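Colleague: There's a structure below that I have some questions on.
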Amino acid sequence: MNSLGKASPEDKSGSEIRLVIEAEPIRGFSSKNYLKEAEEARVKRRKLAAQKKEHTPYVEAEIISLDSEDESNTVPHQTGLKPNVKSSTSTSNVHQKSPNLGSAICVDSDLLSSDLEVEKEPDLYRTLLPKSSGKRPRSQIRLLCDLSEPGNDANNVDTVSLSDLIGLADLLETYQFNFSVQLPLFLTFLHENFMKTDHKIHFITGNTVFDSPEMRDAVRSKFNISDARAPLPNRFASHHTKMMVNVFENGDAEIIIMTSNLTLLDICGLTQAVWRSGKLKKGPTTTTSGKRFRFDLLRYLARYGLSVTKKLISVVEKYDFSSVDVELVASAPGIHDVQGSPLNELYGYAKLRQVLDRNDLLISDTHSRHNILAQVTSLAYPYTSQKGHVSSVFSHILCPLMFENWRKDLSPGAQLFENHQKFFNYSPNLIFPAKTDVAKSSLGQVSGAALHFKYENSTIHRAQYEQTIKKYLCKWATLGNVTGREKLTPHVKYYACDNGDDWQLLKWVMVGSHNLSKQAWGYPKPKTNGLKMDIASYELSVLIPQGTRQLTPVYGADTLSDEKCTPVRFPFVVPPTPYEADDMPWSMD
């Protein structure tokens, strides 16, 4: 895919720099009538909003860009559609594999002023506000709008748009933690108030959000933006966390943890999920769950050691988290303890174990057969191998730690993992899109750029696939239109365990940025007897434990009619559908 950034010749005053974004159009957006109707609807909504003197959020994006999030890459990066006012052309490797995707079009923005704007040709698809399913008990996990096809209202019930998160008129300051950012796109979702110099945007990523000094100067002439890089320990590490901390004019704040990069492909063409704290007031935190979340968040932020995160700590520590009843599961680079008390500072798989333990969620009843699930978009290299036998994060670390009797000494290979399943009576489920899932998705093979699994590159890759992955693979898509995301390639990451009842109820569910890699979860550090672990990347997820009300998966909406249950929105169906004999997992190789 060509990703072009152009700077038009400056006018005589030298004040005009035009940022142009070009990318391939999504299939299905060629209807001129639809675009005309969408534009007319947009104008009508804006008039109504103006009459009511309130901001009506909307999402405007039609174009898909390719973005890679493969944790095996040598450096954190921002690929795909990258505006650059200095370079005139660049070519994506993925586009070379899929050259016949259509002609280039431009993203527009009417939120930027005339001397820093994205061209308005042609008009773009804009969604209506998502429909609501009512005021019944609601899922804390929300899905982002599906913008891959026009007229998707039925699939967007209770969903969230990026404008809902950052497009509010009273947003005063925002801290954006992410892996990949396409800055001009991000700016189009902000309210015009953000051009005021007292409104601040702070980016914390693994790389700069500016592609050139010219772009930096052009953007900073209109927006108050700071740009910080998270310290990374090695070339395989990444800043993979996706979090927003928003501060509003009335002093309220909101924490948002999500799965989406701030790129066109992620926002418009992939399945994404969001957790929101809701508006927080300043004051003391009184609940146990709120204190735990606040404490864990502050300790995670302290791991950065940056001036901007030190400032954010001074902001966050003032707020009352009593309403928050989820657990934070974070990863941060370093050598960490594996065991500790319920309040010890732990990360990665040790943190997951601590959270399950202190919420009484470890599996002790092995008479009922439990299901353990991981749905991810990247399956990385095994963390160890021995004479052709491998140990993978899912099979040899995550599954064993979920039991009260934690076996930390599983030998590499398939046999010990299979014996462990028989002894503790559970079934592993590993959801990763098959080639047919991607081929039949709304964007086709283009969306496969978001998925990473190398299983034929080497003997070790093939051994991992055969020993610890192949037998447990399940498809992303199921027949019918149950979730509304069957044809939208995932970028979400879900982990879950049922109550030993074939997925009728959940013990817990976790959603966030963690893929299945040793960089994300960590791995036992050699010669420490399993007491220390090594983590390379920054990750952030939230875990919802079952409480007094039963935790129940829901599809197509965030609500449930049974008020005795707590709904959790799932973009895929459980129990998941196992691969058929001729199914193969998607791979770009």
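Each residue's number is its place along the chain shown, starting with 1.
Each Cβ is built from the backbone N, Cα and C atoms, and glycine gets one as well.
Pulled these features from TrEMBL for this protein:
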REGION    69-99  region 'Disordered'
ACT_SITE  His240  active site, nucleophile
BINDING   Lys242, Lys493  substrate binding site
ACT_SITE  His491  active site, proton donor/acceptor
SITE      Ser517  site 'Interaction with DNA'
Colleague: For the recorded positions listed here (His240, Lys242, His491, Lys493), which one has the lowest count of neighbouring CB atoms within 10 Å of its own CB?
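Modeller: Selected from the recorded positions His240, Lys242, His491, Lys493 on minimum Cβ neighbours within 10 Å: Lys493.
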Colleague: Rounded to a whole number, how many Å is the Cα of Lys493 (substrate binding site) away from the Cα of Ser517 (site 'Interaction with DNA')?
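Modeller: Spelling it out, the Cα of Lys493 (substrate binding site) and the Cα of Ser517 (site 'Interaction with DNA') are 13 Å apart.
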Colleague: Among all protein chains shown, how many Cβ atoms are found within 10 Å of the Cβ of Ser517 (site 'Interaction with DNA'), not counting that one?
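Modeller: Cβ-Cβ neighbours of Ser517 (site 'Interaction with DNA') within 10 Å number 28.
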